[in-house]
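Input: one structure, supplied below.
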Amino acid sequence: MNDAEGHAPAPVTSPPAEREAPGTAVAADGAASGAGERPGRVAAAAARVNRGLRDPIVLVGGLLVLGSLALKIHVLRSAYFIEDDFLFIGNAAATDLTLGYLTDLHKGHLMPGALLLAYIQANTAPYSWAFAAGVMAVAQLAAAVAVFALLWEVFGRRWAILAPLAVYAVAPLTIPVLAWWSAALNAVPFQLATALALLWLVRYLRTGESRYAWLTGGAVLLGMAFSVKAVFLPLVLFAVAAAFLVPGRMPAVLWRTADRDLPFWAAMGLLSIGYGLLYLSRQDTAGGQGAGIPDPGVAADLLRGMLGEAFPVGAMGGPGEWAPVTPTGGLLDPSAAVVGAAWGGLLLLIAVSLLVRRRSWRAWALLGGYLLLVDAIPTVVARGRYEPMVGYDPRYVADAALIFALCLALAYLPTRNEQDAAGRWRPPRRTARTAAVAVTAAMTAAGAFSTYTFADTLSGDRVRWYLDTVRHSVREIPAQAGIYPRPVPEDIVLPWNGPRRLTSHLLSPLAGPGVAERIRHPESADTALVFNDAGFLVPGEPAEDSAYFGPPEDEECVSTFGGQVRWPVESLAGPTQVLAVAYNAEQETELGAVLGDTWVTTRLPAAPEGGVWYVPVNGIGDQLTLHTDADELCMEWVTFGELRPVTDGDPWAEAAQEDEEEPSRGESSDGGAEGDGRDGGDGDRGGGRDGRDEGSGDGGDDG
């Protein structure tokens, strides 16, 4: 290729395999393939590895990659499962591995590969951060190695490729998405797929070998398995090929690129079309989330934050300090000074590249088109109805870090076998080298510092402690106890996720098979247990807003008409609705509860001394009807609603504290007074809800 736009080489008419003289590595591959002998391939691979281990450029590049991996591990040590991570594991643990599960849309994302990894995690190592973080760290390492190989393939063996490699390896844009597992499931494999697709595309266009065409298609499919953004990957590959891999002037080179390998590009287009059709066919599984018509004001603010602040600051190594801080880590909302400095540095890079290389405009056009088509438009369509602060979340432009590094290299470096362009400005070699080293060092240092400080915005220890407590709590549970659901804390999963944030859905994977089923589908029991916000499994009691029904004044039992009683309630259904019946019965008896279209029948064990029985009633309605045997059962009080924990902290620590305070209480009051106090507490329960007694009588009349 010729760097000068006015000196395009003559059209290539030779067969694909003779398009361009391959480099040393490609020639070795071709020779091994032609020989068709497996030992020869192994020997050639061993020889390349041996040469690489002695090559200083490979060694320095390897140190860059390993150093960036160490920084990422530092961040991952401070991170933990949060928000959607729980939903992924909860859903995977509650379903079978089917095609329907793999192709369901999660908040607008079609990502069967990500759901497969979530299923493996949920069924082999549920909530194991070492497993989850380890897989993502390996994938991120593989992506960095693939980028190194891509730069080597495109530009050849030269020290200059270490600059874009360093820019990508420590890019702060890639860090927040790595630290959030559910986001990393999309972004990290997509980065790997993009690098591999570009690498194999270059080899295919240079050698014409069909195996590289198949590998390129496989890499595109890999990306589509994890991210909806991969639907644009064939278009990105075509743009790179036309701009830098196929000789010619714009716009004629576009047709030449397509015509030269028409079957290949047609297959790439079919992959995108097929993915798009599959996505549209599964829209009914999105649950109203995902794509929608954006609000113009929100969309404008979102784009300003994403393209005007988050990307330029993150690409240049910022922000240094992350703010505001969310449960998933810090966002990238920098000060005006930081934004100005980032834009100044970026514009300087662009201006200098335009001076030294005429074709550099293609690189920056490629970057701008990628940001708009692959990052901005999908984000606006998916999130442009909600909150403009989404624009300051760098995970939406994390994949652009790889494209930025590649475009930076394409803007300054001639590709391998490219002829020097005539008439371009050449700065003194020493000056250029010094400036390149200084700029690379500054961007690398800034990126490393921003990566390090991001770890301080993570609160993984809080969630790690919570799940460790849950693991301990589910080891020994009374066989007859009911484990009833309630929402996990808001700082772990946000309330708007509804029933998906219940303990029955999210925490059951931590228990053994039998206990997990009891947590997931609780049944009637004489003891109610719930998880408190600290993760302890403690006794539950009716919440303050529960409906309460007691006996008429001066009577011990709730009045019924032939064993039937009806009360007004408000129920929109949900697994947290529990009917609690305090009763006494000389022998086992049956109780039936009707709420809307839901009918629940349960057997109450004999309780001559009195007892409480808890019954899950998941129904919609405004009237609760109970059917009993009036001669066998005396109901002392009835509640209907959610259960709350009797204590919000560590029950063992609180019990120990009460034991320590017991002697001091004994000095101020005798045992009888203390017993009266407890009785008074029970009386307060009824007295505090006396207003519901009238409803009890009215319900009896309705019966």
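Each Cβ is built from the backbone N, Cα and C atoms, and glycine gets one as well.
Annotated region 'Disordered' per TrEMBL: 1-37, 645-703, in sequence order. Look at TrEMBL and you will find 22-37 tagged as compositional bias 'Low complexity'. Feature annotation from TrEMBL assigns transmembrane segment to 57-76, 129-152, 159-181, 187-205, 235-255, 262-280, 336-356, 363-384, 396-413, 434-455. Residues annotated as compositional bias 'Basic and acidic residues' in TrEMBL: 675-695.
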Please work out which recorded stretch in 129-152, 235-255, 262-280, 336-356, 396-413 has the most C-beta pairs separated by under 8 angstroms from the transmembrane segment (57-76)?
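Most contacts with the transmembrane segment (57-76): 129-152.
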Thinking of Cβ pairs under 8 Å, which stretch from 235-255, 262-280, 336-356, 396-413 has the most of them with the transmembrane segment (159-181)?
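Selected stretch: 396-413, with the most Cβ pairs under 8 Å.
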Restricting to the same chain and to residues at least six past its boundaries, which positions have a Cβ under 8 Å from a Cβ of the transmembrane segment (262-280)?
103, 105, 110, 204, 213, 216-217, 220-221, 224, 228, 230-235, 237-238
For the transmembrane segment (363-384), which partner among 187-205, 235-255, 396-413, 434-455 gives the most CB pairs under 8 Å?
396-413
With CB pairs under 8 Å as the measure, which of the listed stretches 129-152, 187-205, 336-356, 396-413, 434-455 comes out on top against the transmembrane segment (235-255)?
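By Cβ pairs under 8 Å, 187-205 leads among 129-152, 187-205, 336-356, 396-413, 434-455.
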Let me spell it out: take the transmembrane segment (129-152), skip the flanking residues so only those 6+ beyond its ends count, and list any with a Cβ under 8 Å from a Cβ in it.
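Same-chain contacts beyond the flanks: 61, 65, 68-69, 72-73, 76, 79-81, 85, 117, 121, 161, 164-165, 168-169, 174, 178, 181, 184-185, 188-189, 191-192, 195-196, 198-199, 202, 402, 405-406, 409, 460, 464.
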